[in-house]
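Comments concern the structure below.
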Amino acid sequence: MRSVTSLVSFSACLLASSVTAADTPLTVNGKKFYSQDIITRDVVVVGGGSSGCHIAVRLQDAGKSVVVVEKSARLGGHVATYTDPATRKTAEQGLVTFHNTTHVTDYLTRLDIPLAPISFSPSTNFDYDLRTGKPVNRTYNPTQEEFAAGFAGYSAQLAKYPQLNDGTFLPYPVPEDLTMPFGKFLEKYNLTGALMQMYNFNWGTGNFLTNPTVEQMRYWGANTVAAVTTGKFLVTARHNSSEIYTKVGNVLGATSSVLLNSEVTYTRRSEGKTGVQLIVKTPEGSKLLVAKKLVIAIPPKLDFVAPLDLSKTEKDLFGKYIDAGYYVGMVRNTGIPARTLITNSAQDTPYNLPVLPAVNIMNPTAIDGVWTVFSSSLQSKASFPWADDAVKADIIRSIKALQTANPDKFQQTEPEIIEWHSHAPYFLQVSSEEIKNGFYAKLYALQGLRNTHFTGAAWRVHDSSQIWKYTDTQVLPKLLAGL
């Protein structure tokens, strides 16, 4: 139920004056809001991850007022940094590297985050089948020459589609090469020398070999290829990517522009100057947010965006997504020798890739006795394809399998997961058939409708460097022009 005075009229009044008399409550969706519970801004950003924080800072720097609504207790989303309490050394559980582009360097300079070239700690890799703990004698093991040739050939194919460097902007009809399984694409053009490196840089996409090619190209754009083949990635100089979001919190917090532990429960999105209205449940009670524009910077899975007043077209498109599970645990007492990296492989699969769901890799960190363990699942319609407890149990089982099958190489210990981060739902994607039917053209056509803009990994890829570029070039100009 709405009050006798329409919500539209109230909203127009609010946008004009940004003040409601304290003794005259505004009733929206059956709730009464007094002035102290009404927040008026130019833009509301739903989602305080990498994309939401970035666009909020950009908007504030452009002189626009903004408020970020974040469901969790912190900003940063997929970014998570483990700090050892004894040594204060750190290890990343999410965002690790950046591209050396102006979109990255300008933004992080603005936040006073120094960057440095990446350096790799020496480690020795061993291949084991973590289903059994037994060693794997790889049958697929490309030479350095094959690796270089694979990426050179891939770059030549990628150059046919320069628009992919800006987003999933596809020619129509969509070429068959872009919708065929990625493994078949690499084989067709004799690019398999690059396959293992591509797989190891992009866990969490589900079945790597059967992904539609363009879904992998979203990640493997020209900047990523250049960084991987030259090793010229950047990292935060203090080895703490979470510091970015501490700084963002300071920037936005100075203008009371962040609502943590807060969740949208109701939204009204309209065309024209009426703008948008959101009811948000916060630790201090429900707040009414009134703004000219809305930015949605959370995964557009239906169970996530249901309260955001979706149109029929949005429901139809977002309902087509599948995603994969991607998980990172910090583990000690592994029994693995120091500076030893364990890659999960299989003797009986194409390219010796592991059978998912499974651990992908166990990577030694700069913290003595602590390994970062990465796990992933196959694609699923479910937003959380693999339950956290099941993933954790599989990590412990995998380590114990190594110990049992190789008592001469691994100490018999009781592994302990000391930090945990789930990145699910990860790498939202669609089928080849949906790509052929124009899914991405329809998706991008949503930008700006009903005073709403979108950014985040689904609109680009799980790579902050590329998300920030996409936001700077494809979202912000139109958004700012409408304010």
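Heads up, residue numbers simply count up from 1 along the chain you see.
Cβ atoms are placed via backbone N, Cα and C, with glycine included.
Going by Swiss-Prot, these are the annotated features:
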type	residues	note
SIGNAL	1-21	signal peptide
CARBOHYD	Asn100	N-linked glycosylation site
CARBOHYD	Asn137	N-linked glycosylation site
CARBOHYD	Asn190	N-linked glycosylation site
CARBOHYD	Asn240	N-linked glycosylation site
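Locations of recorded Swiss-Prot features on the structure.
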residue	record	Cβ neighbours (10 Å)
Asn100	N-linked glycosylation site	16
Asn137	N-linked glycosylation site	9
Asn190	N-linked glycosylation site	11
Asn240	N-linked glycosylation site	17
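Calculated from their C-alpha atoms, the gap between Asn190 (N-linked glycosylation site) and Asn100 (N-linked glycosylation site) amounts to 29 Å. A Cα-Cα distance of 17 Å separates Asn100 (N-linked glycosylation site) from Asn240 (N-linked glycosylation site).
If you measure from the Cα atom of Asn240 (N-linked glycosylation site) to that of Asn137 (N-linked glycosylation site), you get 36 Å. DSSP assigns Asn100 (N-linked glycosylation site) to coil, not to a helix or a strand.
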